[in-house]
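J.: Feature annotation from TrEMBL assigns transmembrane segment to 12-30, 42-64, 143-160, 175-195, 207-227, 239-262, 274-291, 297-315.
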Amino acid sequence: MAATRENVSLIFKLYCLTVMTLVAAAYTIALRYTRTSDKELYFSTTAVCITEVIKLLLSVGILAKETGSLGRFKTSLRENVLGSPKELLKLSVPSLVYAVQNNMAFLALSNLDAAVYQVTYQLKIPCTALCTVLMLNRTLSKLQWISVFMLCGGVTLVQWKPAQATKVMVEQNPLLGFGAIAIAVLCSGFAGVYFEKVLKSSDTSLWVRNIQMYLSGIVVTLVGVYLSDGAEIKEKGFFYGYTYYVWFVIFLASVGGLYTSVVVKYTDNIMKGFSAAAAIVLSTIASVMLFGLQITLTFALGTLLVCISIYFYGLPRQDTTSIQQGETASKERASGV
C-alpha cells in the first residue's frame with residue numbers, strides 16, 4: 001500500500017510539472033504572437049492585474065468545490081480571509097517582494113548590457129537553491145548543486161542573443177545595474193521559497209493561501225498600473241489594445257500561475273525552476289516552426305545542458321519536497337530511549 005501511494009504521488013507530481021511546463025511554453029508562444037502581430041499594443045501592466053483577478057476567481061471557485069457546501073465555503077472565507085488580517089499580511093510579502101524584483105530587473109536592464117543582464121539574472125536559479133537550503137533546512141547533494149549551476153548556464157545559452165551594434169548612445173551606470181540585479185536575484189529566490197514555506201508550514205488549504213496572496217497581488221499590481229501607465233490609461237482606457245489573443249494569453253498566464261502554486265506545494269521551487277527552463281526550450285523550438293526562428297549553436301548547447309541538468313538532478317533519491325523539522329525531535333527521542 002505504501003509503495004502504491006508513493007507511485008500515485010510521483011505520478012501526480014510528474015503530471016503537475018508536465019502541465020506547468022506545457023502551459024508556460026504555450027503562454028510564451030502566445031505572448032510572442034500578440035506582441036508581434038497586434039498593431040495596437042495593450043498595456044502589459046493591466047494584463048498582469050487582470051491575471052491576478054482571474055487567478056483569484058479561479059481559486060475561489062476551486063475552494064468552493066473543495067469545501068463541498070456553501071456554508072463551509074463561507075466559514076472558510078470568513079475564518080481564513082476576512083477574519084485573518086495577520087495571514088493576509090503574511091501572504092502580502094511575496095507580492096511586494098515580486099514587485100520590487102520586477103522594478104530592480106528593469107533598472108538593471110537599463111544600466112547593463114543585454115548580454116551581461118542575461119547572464120547575471122540567471123543567478124536567481126542557484127539563489128533559489130540557496131534560499132531553499134537556508135530557509136527550509138534542506139540539504140542538496142553535490143550532484144544536485146552541479147545540476148543547478150548547469151541549469152543556470154543552460155538557460156543563459158538558450159536565451160542568448162548576440163549584441164547588435166547601435167548608433168544610439170545610452171548612458172549607463174554599471175555599478176547601479178549590478179546592485180539592482182543583485183537585489184532582483186535575492187528577491188526572486190526569497191519570495192518563491194517564502195511562499196513555499198508558508199504553504200508547507202500549516203494545514204491551511206492551498207486555495208485559501210492563493211486567495212490570500214492574490215488579494216494583495218491585485219492591490220500591488222493596481223498601484224503598478226497607475227504608476228507606470230496611469231496617464232495613458234486615462235486617455236485610451238484600461239482595456240486598450242485587447243484582442244481575443246490577448247485574453248487567451250491572460251488565461252494561460254492565470255492557469256499557469258495556479259499550476260505553479262500546486263508545483264511549489266507538492267514539489268519545490270527548485271523543481272519549478274527546472275520546469276520553467278524546460279518550458280523555455282519547448283517554446284523556442286515551437287517558435288522555429290511557427291515564427292521561423294533560427295536555431296543557433298548556443299541554443300543547441302544550452303538545450304543539451306538543460307536536459308543533462310534535469311537528468312542529474314533527478315538521479316539522487318533524496319526527498320527534497322518536505323520541510324525538515326531539524327534534529328531536535330530525533331535528539332529528544334534518543335534521550336528518551
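Each residue, glycine too, has its Cβ placed from N, Cα and C.
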J.: What stretch of 42-64, 207-227, 239-262, 274-291, 297-315 shows the most Cβ pairs under 8 Å to the transmembrane segment (143-160)?
T.: 297-315
J.: Excluding the flanking five residues on each side, which residues at least 6 beyond the ends of the transmembrane segment (297-315) place their CB within less than 8 Å of a CB in that stretch?
T.: 143-144, 146-148, 150-151, 153-160, 270, 274, 277-278, 280-281, 284
J.: Are there 3 or more C-beta pairs under 8 Å linking the transmembrane segment (207-227) with the transmembrane segment (42-64), counting only pairs at least 6 apart in sequence?
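T.: Yes, the stretches contact each other.
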J.: Restricting to the same chain and to residues at least six past its boundaries, which positions have a Cβ under 8 Å from a Cβ of the transmembrane segment (175-195)?
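T.: Same-chain contacts beyond the ends: 91, 93-94, 97-98, 100-102, 104-105, 107-108, 110-112, 116-117, 120-121, 123-124, 127-132, 135-136, 213, 261, 264, 269, 272.
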J.: What same-chain residues lie close to the transmembrane segment (207-227): Cβ under 8 Å, and 6 or more beyond its ends?
T.: 43, 45-46, 48-49, 52-53, 55-56, 59-60, 62-63, 66, 76-77, 80-81, 84, 87-88, 90-92, 94-96, 98-99, 195, 198-199, 233, 258, 261
